[in-house]
Ligand code: HAM
C-alpha cells in the first residue's frame, strides 16, 4: 500500500523547499526591521475563537474549517488564519496593557477546506504581521509599505496593490442598508438573496458574470464614509504616496473575513490565474471586543507564501539550477578510510564548512557521481594508501584539478578556499 498526501496538500521537497524558506524570510525581513516581535500560537484553537472572530457568515467559518472534538469533548479547529489567535494571545497575556501598538509577526501553516486548485490549497503557509492598539493612519500605511517592500525585495514586478475603506460603526450601517435596498431589487438566486440579509458586502465580491452584470449601479462605500473615516483614509493614501508605493483605489474591494473596518487592501499578481491574491489585510477595530476584550483598534496583513512562490515562478524568478547542497563532498575507499572520512567531515562542519560524504560503501565511480550531484565545489578522496601517507586528495570539481594535502592541514586549506 502506498499513501498520497491528502487532497489539497502537497510536499515541499529540496531544492524548492530551500527556495521557499528563503521566500518566507524575505517577506518578513521588512517587519522585523520595523520592530515587530515574533509570536507563535497553537495550530489549533477553541472553535468559538474563529466562529466569533472570523464571523459565522463567512465561507471560512460556514464551510471551510477543520473542526474536531478532542478526547475530552472540546471542539477544536485547525487555524484557518492567524489574526484571531494573535488577538486572543495578546488579551490572554495582557500585552495590550504595555506599550501600544503591540507589533507582532508570525509564520505558519493555515488550514481551509477549500476547493483545491492551483494556488488554492487546504494546507498553506502564511506570514503575517499585526499592530494592535493604535488608531493611527501611519500604522496602516507602515504595514502596507512593509508588505510592498517584501514583495519588491523578491524581485516581483507584476504586483498590484488595491486599497479601500469599509467605514466604521458610524457610517457602515447606513451604507449597508443602502446596499441591501439596491441588492433586493436585483434578479438573484435564493442563496444570494439570503446573503443580502446576512452579509451584503460579500455579494459585491460575487465573481459570477450574471451577478456582476447587475452590480454596475451599486452604491459604493467610499460615497458613504463619515468625515472621520474619509480623512483617515485620505491620510493613509497620502502616506502611501509619500513612500512611493503605487496603489489603485478599488471601491469594491471586499475581504472574505468579517472583522474589517476602515482600511482594507489586497496585493494581486497577474501570473496566478483566478487565485490572484498574494496577500491581504486591513484594520479590525472591533475584533478585540468581539472576543471579549477591551477596545483595541488594530491593523494587519497576511501574505500567502505558496502563492508568492507561484508568482515568482511565473516571473521566472526561481532559479532552475539548484544551488549546491554542500561545499565539500568526501569519498573514502575502504573501512579505515571511511572511518577517518567520517571524522574529517565532522571536523569540516565544526569549522563552518558544509560537508557531506558518500554513504553505503559505494565504489569510486558511484561515490564521485554523488559528489557531482551534491553540487559541491570540492571532493576529498581518501584511499588506504592516502591514509598511510596521512594525506588526502583534494579535487576541484569545476576544474578537475587534483592536489594532495596533508590530512592535518586539509580543514584549514578548505576553510581558506570556500570563504
Ligand atoms: P486572507 O485574505 O484570508 O487574510 O489570506 C491572506 C493570504 O493568504 C491570501 O491573500 C492568500 O495569498 C493566502 N491564502 C488564503 N487562502 C489560501 C489558500 N487556500 N491557499 C493558498 N493561499 C491562501 C487573512 O488570512 C487575514 N488573517 C489577514 C489579516 C491579518 N488581516 C488582518 N490581519
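From the backbone N, Cα and C atoms, a Cβ is placed for every residue, glycine too.
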Among 74, 112, 115, 120, the candidate listed by TrEMBL alongside 81, 82, 83, 126, 130, 255, 259, 260 for L-histidine is 112
Does DSSP give residue 83 (L-histidine binding site) helix, strand or coil? helix
Could you tell me the mean pLDDT the prediction assigns to the domain 'Aminoacyl-transfer RNA synthetases class-II family profile' (22-323)? 95
When you measure from the Cβ of residue 126 (L-histidine binding site), which residues in the chain that are at least 6 apart have a Cβ under 8 Å away? 81, 82, 106, 107, 108, 110, 302, 303, 304, 305
Set of same-chain residues at least 6 away whose C-beta sits under 8 angstroms from residue 255 (L-histidine binding site): 264, 266, 280, 282
